[in-house]
Each structure stands twice: as structure tokens, then as C-alpha cells.
Amino acid sequence: MKILVINAGSSSLKYQLIDMDSSEVMAKGLCERIGIDGKFSQTAGDREIKMDVAMPSHAEAIAQVISAITDSENGCIADLSEITAVGHRVLHGAETFKESVLVTPETMAGMEELVPFGPLHMPGNLMGIRACEKAMPGVPQVAVFDTSFHQTMDPVAFMYALPYKYYEENHIRKYGFHGTSHKYITRRTAEMLGKSSGEVNLISCHLGNGSSICAVQNGKCVDTTMGFTPLEGLIMGTRSGNLDPAAIFEIMERENLTPAQANDLLNKKSGFLGLSGVSSDMRDIDAAIAEGNTRAKLARDMLVYQVKKYIGSYLAVLGRVDAITFTAGVGENGIELRRDIVSGLEHLGIELDEKRNDTRRCEALISKDSSKVKLFVIPTNEELMIARDTREIVEAL
Ligand SMILES: Nc1ncnc2c1ncn2[C@@H]1O[C@H](COP(=O)(O)OP(=O)(O)O)[C@@H](O)[C@H]1O
Ligand SMILES: CC(=O)OP(=O)(O)O
Ligand SMILES: [Mg+2]
């Protein structure tokens, strides 16, 4: 069974074509700068494609993906009919979709209603589904939600202390995101500890362009840092993370901003980019720090401080913690960042092994043998999780 997995972001689209029988990733690629100019790359075995392609919307990106995987020279399948099903990452399931679902006219209508809950991601997610429907009519498609893994949170963790009617009537509450990644990290961490998922307590740190931390008890999410949207929690590439809402009312009044402009300010102009004035990208932040940029250093120090603070609070929530796992672009590559996050936590049984920590982008135990809490780096694999859910739903049809 060959499954195409589409992970559509606000301005990018990652994809993998996976042969589920052999677990082989037949092709893997990335469409970047959708809506700006358009850059495309794909690897299929030892064959590579890299080119500039105009991609005004996600529809052109999907067309490019299809053309690349079926390319006679550098592709990996002769015809689209080889694809059994398509799995899509969808940002927001809210309280409507607690688990992955088959895409039907009804579920599609339900997802349309959630666009206001995820204005940066949902339009691209849904456009990706529609474009695949058009290119592969009749091929089953499955939606896998970033929110699903967090559905096990208790109301004490997910409620906001707003007038209750906003929860009852408008479903305003914490949902949490990166759930597919946190679920994968939970499973892999359990495997590395020689435990079943249901036995493991961990703190999963997904630190990328978007970042979130998840507290997992007996394999289930009990709390997470992102909220109603992926804006809450940690400082991120362009997102502010937590702040006093009164601060934004003050700015809105002062600069006469509309709610949409304020949303844009917090989601796209804040975080590392807004603080440093340099970039949203951690590699650029590191380079700026090396040149003595104090605002870039402040942004990085804030991330370290905030992750440390959440680790402390989730240790309190969980009681026993078997492991802390780092994943995503910054978590997998940030050797010094990981060191700084866990330094000073030795009294809590968290002991980093500096030599083991000298690793990037591969699975590794990075704590000392004497460390009560094990520390791991595990590259995330959202695409594999999406493919597995897709197979399960399609096989049950
Ligand atoms: N070698 C590296 N060292 C430090 N940070 C890195 C490295 N490689 C990638 N990153 C950072 O990872 C982030 C992107 O993470 P990623 O998980 O790919 O993001 P997303 O999926 O949210 O787009 C960027 O800030 C990037 O700078
Ligand atoms: C939910 C979210 O923030 O996703 P990403 O990290 O891909 O931006
Ligand atoms: Mg990501």
C-alpha cells in the first residue's frame, strides 16, 4: 500500500510517499515560499530535483508534487493510480474532530467551519485536500489533526478563566498542537526506555519554527503549552507566545490596529524576529549572537528560560518523569541550547552527558547513566504517524 502524506503549512508544503508494506520512503519533498515565488525540492532514492516553480497557492504546489513523483527520470511511480490513499495534516480539529477521519463532504464541511480557528494554516490544509481530490478522484483521503493527541487533557488544564458561555457557545479553550509529533515522541521514547507507551511519563519538547511542550502521563497528554491557537506558550520564530493580553490592547489602541492587524503582529512579526530584528531562524539568531547582537541573545535566552520553566512546572504536574525528549529543528540540532536548558536541574535528577549531547538529527540518549530522568534527542516523524492513521482508516473501509 502506497500512501502520499501531505503536511501543508501556511507558506510551505512537506510531503512523503511511503510504501507501507516495506516502510520505505519512496520520495520526500518540500514546496517553499508558496504565495511568494516558489521553491521546490524532492529526493527519491539517490535522485534529486531542485527548482524554482511559481506557486501562487497550494493548488500549484500539489500539481508540482504530482508532477515530481511521477517524473519519468527523477520520480518514483509511473502513475498516480499506484497511490492507495492520501493522508493530510490538518491543524485544527477543535471539539468536532477528536480523531483522524476519512474526508467526506460532511467532514469537509466540518473542517471549513474551523477555518477561523486556524486562519494561518487551515486554508492551505483544505486547499491541499481539494487539489488531491481533483488530481486523484475517488482515492480515499484522511485528515489527521494536530489537536487529537491533546484531547485527553482535563478541563483544569484546558479551560480559560473567561465567562463560561465562551466555552459553551464558541468552544474557546486550550486545544494544543504538534499532537502528531508529541504522539510519535511518546511512542519512540517509550520504546527507547523498553516500556509500553501506556507506562511512560515524559516531557516532550518540540522546538522548531513553531514550538510546544507536552506533559505526558501514562502515554496520554495531560497538559501542553499551545492553546486555542498555536500562538500560546513559548517564544517562537515569529510568534510571541505568552503575554498579558492587556499589552496587545494597549498597542492596538496606540496604533489604531484592527483585530486582524493585531493577530498578524503577534503571529508573524513577534518572537525571535520581532525581538532581534534579525530573523525568525535559529541559525541566523546564533550567527547574530556570535557577532555580538544582544537582542538576538536575549531572544535565545528567553527560549532557554521558558523551556526550563515549563520543564519545572510539568515535573510538578507529573510527579514521576521517566524522560525529557527534544525534537524538531531546534531541539534536534541545538546542542548548546539543550545544554543550557537542563543546566542547573541536576538536583531534580536531570544530568546531561556533554559528550553524548554532541549530536544532531539522530536518535540518542544524552543523559548520564546516573541520571534519574533520561534525556533523549529523537527526530520527529509526523509523516509516518499520518501514514499509519491513514492506512488504519482506509483498511477499515
Ligand atoms: N543546525 C541547526 N542548528 C540550530 N537550529 C537549526 C538547525 N537546523 C535547523 N534549525 C532550526 O530549526 C527551526 C525549524 O525547525 P522545523 O522543525 O523544521 O520547523 P517547522 O516544521 O516548524 O517549519 C529553524 O529555526 C532552524 O533555524
Ligand atoms: C502548530 C504549528 O505551530 O505548526 P508549525 O510548527 O509547523 O508551524
Ligand atoms: Mg513543524
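Each residue, glycine too, has its Cβ placed from N, Cα and C.
Whatever TrEMBL says is automated annotation, not expert-curated.
The active site, proton donor/acceptor annotation in TrEMBL covers Asp146. Among the features that TrEMBL reports, Mg(2+) binding site is placed at Asn7, Glu382. Annotation comment: TrEMBL describes Lys14, His206, Leu207, Gly208, Asn209, Gly210, Asp281, Met282, Arg283, Gly329, Val330, Gly331, Glu332, Asn333 as ATP binding site. Summarising the annotation, TrEMBL assigns substrate binding site to Arg89. For His178, Arg239, the entry in TrEMBL reads site 'Transition state stabilizer'.
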Near ligand 1 by the Cβ criterion (under 6 Å), the binding-site residues from Asn7, Lys14, Arg89, Glu382 are none
Rounded Cα distance in angstrom between Glu332 (ATP binding site) and His178 (site 'Transition state stabilizer') is 15
Here the recorded positions are Asn7, Arg89, Asp146, Arg239, Glu382, and the Cα closest to that of Asp281 (ATP binding site) is found at Arg239
Lys14, His206, Leu207, Gly208, Asn209, Gly210, Asp281, Met282, Arg283, Gly329, Val330, Gly331, Glu332, Asn333 bind ATP per the record; greatest CA separation between any two, in Å, is 20
Whole-Å Cα distance, Asn209 (ATP binding site) to Asp146 (active site, proton donor/acceptor), is 15
Within 10 angstroms of the C-beta of His178 (site 'Transition state stabilizer'), the count of other C-beta atoms across all shown chains comes to 29
All chains considered, the count of other Cβ atoms within 10 Å of the Cβ of the residue listed as 'active site, proton donor/acceptor' is 27
Students should find that the Cα atoms of Asn7 (Mg(2+) binding site) and the residue listed as 'active site, proton donor/acceptor' sit apart, in Å rounded to an integer, by 11
Closest by Cα to Asp146 (active site, proton donor/acceptor), out of the recorded positions Lys14, His178, Arg239, Arg283, is His178
Lys14 (ATP binding site) has its Cβ surrounded, within 10 angstroms, by a count of other Cβ atoms equal to 18
Smallest number of other CB atoms within 10 Å: among the binding-site residues Asp281, Glu332, Glu382, that is Asp281
Arg283 (ATP binding site), DSSP three-state class -> helix
Ranked by how many other Cβ atoms lie within 10 Å of their Cβ, the recorded positions Arg89, Arg239, Arg283 are led by Arg239
Quick tally, other C-beta within 10 angstroms, Asn7, Asn209; top of the binding-site residues is Asn7
